[in-house]
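Chemist: Attaching a single structure in structure tokens format; questions to follow.
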Amino acid sequence: MVHFTAEEKVAITSLWSKMNVEEAGGEALGRLLVVYPWTQRFFDNFGNLSSPSAILGNPKVKAHGKKVLTSFGDAIKNMDNLKTTFAKLSELHCDKLHVDPENFRLLGNVMVIILATHFGKEFTPEVQAAWQKLVSAVAIALGHKYH
């Protein structure tokens, strides 16, 4: 289990409270699909993913990205209990969807990039460290069923 300090929790929640989940979710998932094109195989029912502009403009990518970031909000509300929070999603992604758990780490790293671009100077090294810790812990929790 990962322990978050009070300072880390404040750094995470204060930035999250300013996040536009719909916009950032589509951007994060879209960036994942563009930068790591092999992840597209999990989204073959999303229609046109033939180019970066097609991916970033795809309404299914945006909708699923919002869903992903909404789930990420659950992590922020339950930072002290991530394994339980993501148990069902871990099972779904492992047993039904067969997603490579490495993709969770990649998505977390994309999230950190999105935060940096959206929040600029507010995204200090200390804030980045807190967020990196969180996205790593979420990736581990999502990959739990695989072990």
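The backbone N, Cα and C atoms fix where each Cβ goes, and this holds for glycine too.
Source: prediction; values computed, not measured.
So Swiss-Prot lists the following for this protein:
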DOMAIN    3-147  domain 'Globin'
MOD_RES   SER14  phosphoserine
MOD_RES   SER51  phosphoserine
BINDING   HIS64, HIS93  heme b binding site
Chemist: With every protein chain in view, what's the tally of Cβ atoms within 10 Å of the Cβ of SER51 (phosphoserine), excluding that atom itself?
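Modeler: For SER51 (phosphoserine), the 10 Å Cβ neighbour count is 10.
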Chemist: For SER14 (phosphoserine) and HIS64 (heme b binding site), determine the Cα separation and express it in whole Å.
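Modeler: Per the Cα atoms, SER14 (phosphoserine) and HIS64 (heme b binding site) stand 24 Å apart.
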Chemist: Within 10 Å of the Cβ of HIS64 (heme b binding site), how many other Cβ atoms are there?
Modeler: 17
Chemist: Give me the CA-CA distance between HIS64 (heme b binding site) and SER51 (phosphoserine), in Å, as a whole number.
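Modeler: Pair distance, Cα basis, whole Å: 18 Å.
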